[in-house]
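**Q** Sharing a structure, written as structure tokens. Questions coming.
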């Protein structure tokens, strides 16, 4: 059986927050604002995986109204979902993700992100692709107000 899922997430940039994208801390004057650590890439990936198994969305499992998830490490949330997915007999076919940000530039961190995501999903890094783009200064990401991410995942059983 093959299952496909897609995920999308966006978070606002804010001062006095640490910037974590793809499980990697990125030095920058702003970080992403959210109930958890606001890792926009891991949230999109988690949502894509949840979609692939037909189990709703990330908010169903980790609601932002639950204080148990306040400042939660998104890598731990992804690992929790992945444990359920593996228990159901699925494994990663491949994952393709895009980070959309004007600043900071993500390209220097993409390889580290790829390795961290592969580790979290018990996969080979060749099964994971992460890329970054801008919106040519258009929209909220172009105005440097936030960062968005898209992810598509293929699961095999």
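Just so it is clear, glycine is given a Cβ too, placed from its N, Cα and C backbone atoms.
The following feature annotations were taken from Swiss-Prot:
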BINDING   9, 11, 43  divalent metal cation binding site
BINDING   9-11, 35-36, 57-59, 62-66, 101-107, 133-136, 140, 143  4-CDP-2-C-methyl-D-erythritol 2-phosphate binding site
SITE      35  site 'Transition state stabilizer'
SITE      134  site 'Transition state stabilizer'
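Tell me about the setting of these features in this model.
**A** For residue 11 (divalent metal cation binding site), the number of other Cβ atoms no farther than 10 Å from its own Cβ, over all displayed protein chains, is 21.
DSSP assigns residue 35 (site 'Transition state stabilizer') to coil in the three-state reduction, outside any helix or strand. Of all Cβ atoms in the shown protein chains, 15 besides its own fall within 10 Å of the Cβ of residue 35 (site 'Transition state stabilizer').
Within 10 Å of the C-beta atom of residue 134 (site 'Transition state stabilizer') sit 15 other C-beta atoms, taking all shown protein chains into account. Annotation note: residue 134 (site 'Transition state stabilizer') sits in a coil segment as assigned by DSSP.
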**Q** Mind checking which of 36, 133 has the fewest other CB atoms within 10 A of its CB? They're the binding-site residues.
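**A** Taking 36, 133 as the binding-site residues, the minimal 10 Å Cβ count falls on 133.
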**Q** For the recorded divalent metal cation site, enumerate neighbouring residues of the same chain (Cβ within 8 Å of the Cβ centroid of 9, 11, 43, site residues themselves excluded), in sequence order.
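**A** Going along the sequence, the neighbours appear as 10, 32, 34, 38, 39, 40, 41, 42, 44, 148, 149.
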